[in-house]
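Visitor: Sharing a structure below in structure tokens format, with a few things to ask.
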Amino acid sequence: MSGWDRARPSGTRTGRGSNSTMNERIPSSRTVRLGRVQPQAPGFRTIYCNDRDANLPVRFRGNSISTTKYNFFTFLPKGLFEQFRRVANLYFLTISILSTTPISPVSPITNVLPLSLVLLVSLIKEAFEDWKRFQNDMAINNNPVDVLQDQRWESIPWKKLQVGDIVRIKQDGFFPADLLFLAGTNPDGVCYIETANLDGETNLKIRKAVEKTWDYLTPEKASEFKGEVQCEQPNNSLYTFTGNLVVQKQTLPLTPNQILLRGCSLRNTEYIVAVVIFTGHETKVMMNTMNVPSKRSTLERKLDKLILTLFGTLFGMCLIGAIGSGVFIDRKYFYLGLHEDVESQFDPNKPFVVAILTMFTLITLYSTIIPISLYVSIEMIKFIQCAQFINKDLHMYHSETNTPALARTSNLNEELGQVEYIFSDKTGTLTRNLMEFFKCSIGGEVYGTGVTEIERGVAERNGIRLADGKKSANMVQEKGFNFDDGRLMRGAWRNEPNSDLCKEFFRCLAICHTVLPEGDESPEKITYQAASPDEAALVTAAKNFGFFFYRRTPTMIFVRESHVEKMGKIEDVSYEILNVLEFNSTRKRQSVVCRYPDGRLVLYCKGADTVIYERLAIGNDDLKKVTRDHLEQFGSSGLRTLCLAYRDLSPNMYESWNEKFIQAKSSLRDREKKLDEVAELIEQDLVLIGCTAIEDKLQEGVPTCIETLARAGIKIWVLTGDKMETAINIAYACNLINNEMKQFIISSETDAIREIENKGDQVEIARFIKEEVKKELKRCLEEAQSYFHTVSGPKLALVIDGKCLMYALDPTLRVMLLNLSLNCCSVVCCRVSPLQKAQVTSLVKKGARKITLSIGDGANDVSMIQAAHVGIGISGQEGMQAVMASDFAIAQFRFLTDLLLVHGRWSYLRLCKVVTYFFYKNLTFTLTQFWFTFQTGFSGQRFYDDWFQSLYNVIFTALPVIIVGLFDKDVSASLSKKYPEIYRAGIRNVFFEWRVVAVWAFFSFYQSLVFFYFVTTSSSSPHNSSGKMFGLWDVSTMAFSSVVVTVNLRLLLMCNSITRWHYISVGGSVLAWFLFIFIYSGIMTPYDRQENVYFVIYVLMSTFYFYLTIILIPVVALLGDFIYQGVQRWFFPYDYQIVQEIHRHEREGRSRTELLEVANELSPDEARSYAISQLPREISKHTGFAFDSPGYESFFAAQLGVYAPQKAWDVARRASMKSKPKLGLKK
Amino acid sequence: MLVSIIFIPIGVASLYASRDVVEIIDRYETDCLPENSRSNKDQKVQYIQGPGNKTCSRTIRVPKHMKKPIYVYYQLDNFYQNHRRYVKSRSDEQLRKNSSASDVDACKPEDNGVNGLPIVPCGLIAWSLFNDTYTFSRNSQKLVVNKKGISWKSDREHKFGKDVYPKNFQNGTLRGGKLLDSSIPLSEQEDLIVWMRTAALPTFRKLYGKIEEDLQPNDVIQVILENNYNTYSFSGKKKLVLSTTSWLGGKNDFLGIAYLTVGGLCFFLAVAFTVVYLVKPRQLGDPSYLSWNRNPGGH
């Protein structure tokens, strides 16, 4: 049924306002127009076909396309401009400029170097991405196409194609440009095209050439074609085209029916010949490409706030320093040379000016508080996360369609870890949009032995394991047909007691439909083109029962019937179709009046049970009752049902009716309505045959996935265009709703509403429905709240239909709707338009300020996908529209589990760590500088050497944090899925609350004090037995060493898992610092640097003092963090920590070998990609089982005399954490 | 615990080393003023800037045996050698090479002398060179103060040129500090080299020289000092320090105490955690601690 509905979504919508405009905007073929239709350029273009010279003066654009952002020359200016649109970069540019002025305490290198490094990395990334786009373009541009040259087809690349060229496209080929269809191999000048790339529709569309041009098929003939096309200027309206073809002095009008758009492909036609009319960027599809609105993650937005806070802190620090400097400056410090004319920054006569200028000085000095490399690091981390982890995760690889997951944007990884609401489309997302004839009931007898997934799920929940029904050998497996019952197949129905009814049943299936057969007229090769997959499934079923519908003409239906007269006999029967009473959503039924070859007149009718039952003839109540039972039984197994009925007509009666019908059909006013009325007259006294049950197949693993997500605290809303019953059905099937839930149903299909609607006063209808909706909402809300106050009330579910939703979304009712729906565990919205989908999404996004995710597969989901925080497209199917608009593309709904619970959660965790760590390390570093300012008379003297400061962020502390951002994981992937509840931490955002930031800030405050005062105090005496003293630069080098060592060790302390990469990067960073300082203090550069640190490190490292300090300071500094973490872990453990503990004795290795076994079953190609995907992870040893410091577990164990096994990782870890306290009791 | 095991011995050792050092501090900036100039700052400044004999005599009693070498330091207070204007007012180029004598851009306001010629060594740091002098005698027998080798070798050899001689130095209207012998190259002017290694904090010590004789307990040392340097205008203290050294350097209890404290703290924590564990045990990996188990149905 849903397919029928979808084919005519506008049928029942009589509403006004936004809905009615929707109806106008959306053509009945359920497409969404892309972008705004641009105003038509004045004039028209004239194209001389097959005549390049004649077209030359007009200079049409070539067919090559370019989607790159930059070209060779614009890259630098444009790329830089893009970079400086970031506030942080602009800030550093300002600082860099400031630092070239004399008020700067640091040489420009301090700021210019990190800035340029950051810019360099960003630009390289941009260049890389653009290069990929360029290659992509090149690949497209170099596709070959056959073009007519000198009476021959020459293959040339797409980009060489010009307006006016005559091209030949072969079957399944893509159209290289917008073409005018001239001729094709099909006899009647038609060709079939697939427009999946444009609108996601997979059914074929027919294009028909102008009759005049049908002959120009061969190259010889085509080369004679000389025509002139006058048409509109290029525009982006996909469904309109106006123009004329002037050929042989004749002007032929052109319509969209002759236009083949770029991006579509040719089907079921050997080849066609066409003229190029729009090329390259002027094609309609290219003019429709719009920039996908770029999304920023909420974490990043919070990060902005954090940065603003840092700016505030910076300002405060500078203000303190500036006031200090104004107060300090005094002529009494004669050694400062303040007695003569002094530059204004130090002029003791103008303390105010001094303060202002010092302010700028300090801003420059403290610029390190803003983590310049944060954004670029985050970008890199996310990029690698996407490219290496998400895209290469075999858990999200769908081998049937050969589709891996695809992260189309790398901005939103961590958003995946915080999703609270999922908005899901139904068809194609939850279900496969694959209708299979599954069961039927004929004459009170149920046929079909299959078990639906829903039944299986229910059974499993009740503890019964259903054996997978053995599929009998002779079972026909075909798309649309999944039925097995020996009593009906292969003519066996003849032996059934109600074989006559069976015959009627099959004939009804074979005749009463609007399906078009296509392809060879043999049962194997034929394909059915139907408005909905249901119909196709029914016709396919008839075929398999031996009633093969193979040909349709406007008046006849040809059916090859087997076993009718006697077993094994096959005959072709033609039925004359007299009238077709079409389906629409008010009638909910479809009838065909046909005449048998023997003159029998029959009306076959199929439709929803309610409407059919109303029109059945009196009597035969047993059958009706039994069939109704069957209908309910089918319905509860999640099947979609239709009732079939027939009626024999007498010729007289038919004739008189037919007159009325013809009259109604030819009436000009209210034709639809009149036709309906006439149909009513004949659709009476029907004889019930039985009913069909079609399975709307769920995607694989959907119910489990939904259950897992629900446990993770994610609420799932289903937004579908289907009707309410279907939607509820599927919701049941997916575990979204069950019988224990309290359901609130707000529907417009009530008697009261219908009554008003029948009166037809639109204003009144609107007012009335609004009132009704309001009443309903209020009632539900009150009820919901009463449940909410009780402790263990039932879970709530809301079902609402599109029409009610339209009114409920009204600003006055919106709040109520939101309150109600947020209290519900699941919400089902049915019969909603694409726009409403988006509205509901933004309602939650904006109204509830929760992170939303939309998932869908079709063009009608695009708006929803773009409206949500995260949009996910189902890929691997034919339509690409949803994928093109999405942020992530996965092949199956069930991959959401992996995407959210594993990758999303990890990304979120990692990003939080990265951000807080960046915040911490820069704050710590800058605060030491700040403390120093107090000791320098607030002059803004720098504590560290320029190079120390500039390389701190980009070299000495850069890599480890990136490693954490890539490899840190609290619990393994399988545990993440086993304990979906730990995902809730992300929803509550516990790892990036202000509280967390405050804790980090507190510790960085503490640590900076330790760094500064420990170093300065301990260095105030002679440094070794030679009695010499340290100077400023010696102290600062000492302090900087401690900072680098501590900050890097702090990173290890916060890791959940420590891999070889951690050691390498942390060790490498510390080593890099020492290497740097060794070289740096060993050389004298010739130009105007003051050789402050010359030889410093050599002297430093020759003292005991150095080693004692470098051991002491990290320990003291980290003691605070250590105690905090220990206490937190012991008394207020996070969920993930508990999970770590539960599984502390499991080695990651086991699951890895399991995975490898999986890998062995894969094809070599897959295995290779698997190996690639495993590369980084293979090395990752998950170690964070018990405590952040392994000492703990063993420590307590030792206390209790319990032997704690030494683990390899324990030893390795201990080695890396020599300076950490509390490892001792291990001995 | 490991930390406490390692740290406490280190602490004891460094504390011992530090305690081993004998340090004598003599603050003299007020005592070396004539009685009548002590009352207020102006008078002090007037005295120190005025002509006349500023010799001052101090006696120091040695409390313990002091092994040679005994280092002589002067300690200044409230002297912002790390002030930005001060720190950058030097020219390393000029100090290193004779040929860069005119490289004085950074040295303002002590860049060029009144005659317009560049000052060598230029800049505020050199200009304000400390110029108190000390001579020591024990029992009227002079104690030689060795002023060789008091600066960093690297400074001496690489940062201060052998062919750079003081020129045009301290001949402005206002004299900042010590005069330099213009016949001795900078690389041998060790007082200057020490001074030019600017201190990190406003209170700092600088090495003045070494006495290469043991001092016995209760030796009385006579110090004749010339109180030339003006710390009075900014109320800075001046101290004379005599100190021996240990393997850890001078007298500084800080490291030792810090080590002991941290070691003790760790020990205490280890005990505390054990107590906590015994008093309020928590089963590792107890699922009931999972938040969704703690308040059922909470969402």
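Glycine residues also receive a Cβ, built from the backbone N, Cα and C atoms like all the rest.
Heads up, TrEMBL stuff is auto-annotated, nobody curated it.
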Visitor: In TrEMBL, A:D425, A:K426, A:T427, A:E535, A:K606, A:R640, A:T720, A:G721, A:D722, A:R831, A:K837, A:N860, A:D861 are given as binding ATP, so which of A:F558, A:F583, A:F888 is in that site too?
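Guide: Between A:F558, A:F583, A:F888, TrEMBL records just one in the ATP site with A:D425, A:K426, A:T427, A:E535, A:K606, A:R640, A:T720, A:G721, A:D722, A:R831, A:K837, A:N860, A:D861, namely A:F583.
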Visitor: According to TrEMBL, which stretch among A:810-829, A:1030-1049 corresponds to the feature transmembrane segment?
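Guide: Per TrEMBL, the stretch marked transmembrane segment is A:1030-1049.
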Visitor: Please name the residue among the binding-site residues A:R640, A:R831 whose C-beta has the most neighbouring C-beta atoms within 10 angstroms.
Guide: A:R831
Visitor: Reported as an integer number of Å, what is the Cα distance between A:R831 (ATP binding site) and A:T427 (Mg(2+) binding site)?
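Guide: Rounded to the nearest whole number, the Cα-Cα distance is 12 Å.
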Visitor: Tell me the coarse DSSP state (helix, strand, coil) of A:R640 (ATP binding site).
Guide: strand
Visitor: Identify, among the recorded positions A:D425, A:D857, A:D861, the residue whose Cβ has the fewest other Cβ atoms within 10 Å in this structure.
Guide: A:D425
Visitor: Taking the transmembrane segment (A:914-932) as the first stretch and the transmembrane segment (A:1095-1119) as the second, find out whether 3 or more Cβ pairs fall under 8 Å, excluding pairs closer than 6 in sequence.
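Guide: No, the transmembrane segment (A:914-932) and the transmembrane segment (A:1095-1119) are not in contact.
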Visitor: State the non-local partners of the transmembrane segment (A:306-329) in its own chain: residues 6+ outside its ends, Cβ under 8 Å from one of its Cβ atoms.
Guide: 87-88, 338, 346-348, 351-352, 354-356, 358-359, 362-363, 366, 369-370, 915, 919, 922-923, 926, 930, 933-934, 937-940, 997
Visitor: Counting Cβ atoms within 10 Å of each candidate's own Cβ, which of the binding-site residues A:T427, A:N860 comes out highest?
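Guide: The residue with the densest Cβ neighbourhood is A:N860.
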Visitor: Please work out the mean pLDDT for the residues of the domain 'P-type ATPase C-terminal' (A:883-1133).
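Guide: Here the mean pLDDT over the domain 'P-type ATPase C-terminal' (A:883-1133) amounts to 86.
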Visitor: State the Cα to Cα distance, in Å, between A:G721 (ATP binding site) and A:T427 (Mg(2+) binding site), rounded to an integer.
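Guide: It is 9 Å, counting Cα to Cα.
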Visitor: Test of understanding: applying the rule of at least three C-beta pairs under 8 Å (pairs 6 or more apart in sequence), is the transmembrane segment (A:952-971) touching the transmembrane segment (A:1095-1119)?
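Guide: No, the stretches stay apart by this measure.
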Visitor: Whole-number answer please: how many Å between the C-alpha atoms of A:N860 (ATP binding site) and A:T427 (Mg(2+) binding site)?
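Guide: With distance taken Cα to Cα, A:T427 (Mg(2+) binding site) is 11 Å from A:N860 (ATP binding site).
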Visitor: If I take the alpha carbons of A:R640 (ATP binding site) and A:D861 (Mg(2+) binding site), what is the distance between them in whole Å?
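Guide: A Cα-Cα distance of 23 Å.
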Visitor: If I take the alpha carbons of A:D425 (active site, 4-aspartylphosphate intermediate) and A:D857 (Mg(2+) binding site), what is the distance between them in whole Å?
Guide: 7
